[in-house]
Amino acid sequence: MNFEKVVERICDFIRGVVSSSGSTGVVLGLSGGVDSATVAYLCVRALGSERVFALIMPETGVTPEQDVEDAINVAESLGMEYKLIEINDIVRVFKEKAGEGSKIAEANLKPRIRMVLNYYHANSMNRLVAGTGNKSELMVGYFTKYGDGGVDFLPIGDLYKTEVFQLAAYLGVPRRIIEKKPSARLWPGQTDEEEMGISYAELDEILKLIEKGERRDDEKFRRVVQMVERSRHKREMPPVARVRDLL
């Protein structure tokens, strides 16, 4: 990877998106993971720290304290303004009013609450919400629809997870963040690779084959293809019933 050119291209993209929208900057959710840290580094490089605002939104009992510490360290080292909002009370009140849901519904509630907080602050500040999703997650639908998928633009959305690790190291993201097991922190002890049943290295290898139109005759390949196909609705605008020809 030509890191210098990749960073230059992404920074130009960030500046262009913000400028064309008439926004004053960006808001992003900073989790303490490698994706959000990488996006923070890129946004600050593109716009300057004064135009990047971070929200750190842990769930006590689920989010490890190290994640919170890492997120704060990233924000402070980059000179970004940030706010820490624990989401436990919001989750509790929501469930009291809406009633108990299934495990997956309650897990997806957390990123959807974080999305609302991102946009609440972005609207108040006339800013855009910077997404932190990578190409691997986008292709297989490993994100919550209208949760962490609810963003205005995706700086690292064309980089596979394994490439994000490389870019993070180039940008100077702390080593302990890069080496951390990727996790959406949907429940205690949850990790991305265990939930998907495949490592990011294996996943990216298969996704690159799919992108090239090549195939492989094994169960893992077929399962990844199925993940891509079943999550198509997450990557597209809602379908519209066409009736104009009847009017």
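One-based numbering along the chain as shown.
Each Cβ is built from the backbone N, Cα and C atoms, and glycine gets one as well.
Annotated features, as they stand in Swiss-Prot:
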type    : residues                                                                       : note
BINDING : GLY29, LEU30, SER31, GLY32, GLY33, VAL34, ASP35, SER36, THR132, LYS161, SER183 : ATP binding site
BINDING : ASP35, GLU137                                                                  : Mg(2+) binding site
BINDING : ARG112, LYS145, ASP152, HIS233, LYS234                                         : deamido-NAD(+) binding site
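Positions of the features from Swiss-Prot, shown on the structure.
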residue: GLY29; record: ATP binding site; DSSP class: strand
residue: ASP35; record: ATP binding site; DSSP class: helix
residue: ARG112; record: deamido-NAD(+) binding site; DSSP class: helix
residue: THR132; record: ATP binding site; DSSP class: coil
residue: GLU137; record: Mg(2+) binding site; DSSP class: helix
residue: ASP152; record: deamido-NAD(+) binding site; DSSP class: coil
residue: SER183; record: ATP binding site; DSSP class: coil
residue: HIS233; record: deamido-NAD(+) binding site; DSSP class: helix
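Among GLY29, LEU30, SER31, GLY32, GLY33, VAL34, ASP35, SER36, THR132, LYS161, SER183, the residues given in the record as binding ATP, the maximal Cα to Cα distance rounds to 18 Å. Comparing CA positions across the binding-site residues SER31, GLY33, ASP35, THR132, GLU137, the one lying closest to ASP152 (deamido-NAD(+) binding site) turns out to be THR132.
Annotated pair SER183 (ATP binding site) and LYS145 (deamido-NAD(+) binding site), C-alpha to C-alpha distance, rounded: 17 Å. When the C-alpha distances from ASP35 (ATP binding site) to the binding-site residues ARG112, GLU137, LYS145, LYS234 are tabulated, the minimum falls on GLU137. Applying an 8 A CB threshold to same-chain residues 6+ apart, the list for LYS145 (deamido-NAD(+) binding site) reads ASN108, HIS233, LYS234. Ranked by Cα separation from ARG112 (deamido-NAD(+) binding site), the binding-site residues GLY29, SER31, THR132 are led by GLY29. Distance from the CA of GLU137 (Mg(2+) binding site) to the CA of GLY33 (ATP binding site) is 14 Å.
Here the C-alpha separation of GLU137 (Mg(2+) binding site) and SER31 (ATP binding site) works out to 16 Å. Sequence-distant contacts (6 or more apart, same chain, Cβ under 8 Å) of GLY29 (ATP binding site) comprise SER36, ALA54, LEU55, ILE56, MET57, ARG114, LEU117, ASN118, THR132, ASP148. Ranking the binding-site residues ASP35, GLU137, ASP152 by how many Cβ atoms sit within 10 Å of each one's Cβ puts GLU137 at the top.
Here SER31 (ATP binding site) comes close to ILE56, MET57, THR63, ASP67, ALA71, THR132, ARG185: these same-chain residues lie at least six apart in sequence, with C-beta atoms under 8 angstroms from its C-beta.
Annotation for the binding-site residues THR132, SER183: lowest Cβ count within 10 Å of the residue's own Cβ, SER183. Of the listed binding-site residues, namely ARG112, HIS233, LYS234, the sparsest CB environment within 10 A is found at HIS233. When other Cβ atoms within 10 Å of the Cβ of GLY33 (ATP binding site) are tallied across all protein chains shown, the result is 23.
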